[in-house]
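Notes follow once the structure below has been shown.
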Amino acid sequence: MAILVRPRLLAALAPTFLGCLLLQVIAGAGIPEKAFNLTWISTDFKTILEWQPKPTNYTYTVQISDRSRNWKNKCFSTTDTECDLTDEIVKDVTWAYEAKVLSVPRRNSVHGDGDQLVIHGEEPPFTNAPKFLPYRDTNLGQPVIQQFEQDGRKLNVVVKDSLTLVRKNGTFLTLRQVFGKDLGYIITYRKGSSTGKKTNITNTNEFSIDVEEGVSYCFFVQAMIFSRKTNQNSPGSSTVCTEQWKSFLGETLIIVGAVVLLATIFIILLSISLCKRRKNRAGQKGKNTPSRLA
């Protein structure tokens, strides 16, 4: 039995059908699609540019501009949807970098036998990334508490100065060396038995906080950049408590003491065993040596 289709329905479905058909033809012909959703992912200056979609019948090449506004090719003819640009942006973290992702026809495509950055005298389709200023835009990594001590009415905390991928004279610089006094730390602390929190800010890597004597405190720290209006703070460090630290130190000292004691006993027993062997050998040699006649 034949199914009747209304002319109006056919007219409505025609554009959709033709659009799908056109997309299939384009994909089959290897005509590249422009990248979209270009996003900078950066922490402590480790910087990757990500985008979509996954390519079919074409590749991507990333270009980034330097201070001379020259375009440099990176991740040439890649099928990945990300490109590590760390080695370029750490050259000057105060420069606003421009980047773009080019969609380049693959080999044996309709445009020729090889991946080309120029097609019929024109640049292939590309998408510009947002400008990226590393000093302002890189995220701060999670800080690490290097050491702390509760001494009477003072809680002293030292934050580890993290290394970055920024180099000077072949040496990696710390966050402090990059940001100077613009880098600060926030400590959030509370009594171990309380939920009420207090904060303190320093532009160094050390805190000295007034606390109650004999009371346990829990705290965590965050890095911050004073000059930033957005993206100012890092994630918080792991939370630690002074009583936990004392317990940890006690357990550590017990373990270390036990290891030292066992090592000492082993050395003593080994020494006794070696001495006995030497005496036995000396006695054996004495028996085997013939007596001289007077």
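Cβ coordinates are placed from backbone N, Cα and C, and glycine is handled just like the others.
Within the set Cys20, Cys75, Swiss-Prot assigns Cys75 as the partner of Cys83, by disulphide bond. Secondary structure at Cys218 (disulfide bond), taken from DSSP and collapsed to helix, strand or coil, is strand. Under DSSP, Asn57 (N-linked glycosylation site) is assigned to coil, being neither helix nor strand in the three-state scheme. The DSSP secondary structure for Cys275 (S-palmitoyl cysteine) is helix. For the glycosylation sites Asn37, Asn200, the ranking by surrounding Cβ atoms (within 10 Å, all protein chains) places Asn200 first.
Annotation for Cys218 (disulfide bond): same-chain Cβ neighbours under 8 Å, separated by at least 6 residues, are Tyr189, Arg190, Lys191, Gly192, Thr239, Val240, Cys241, Thr242.
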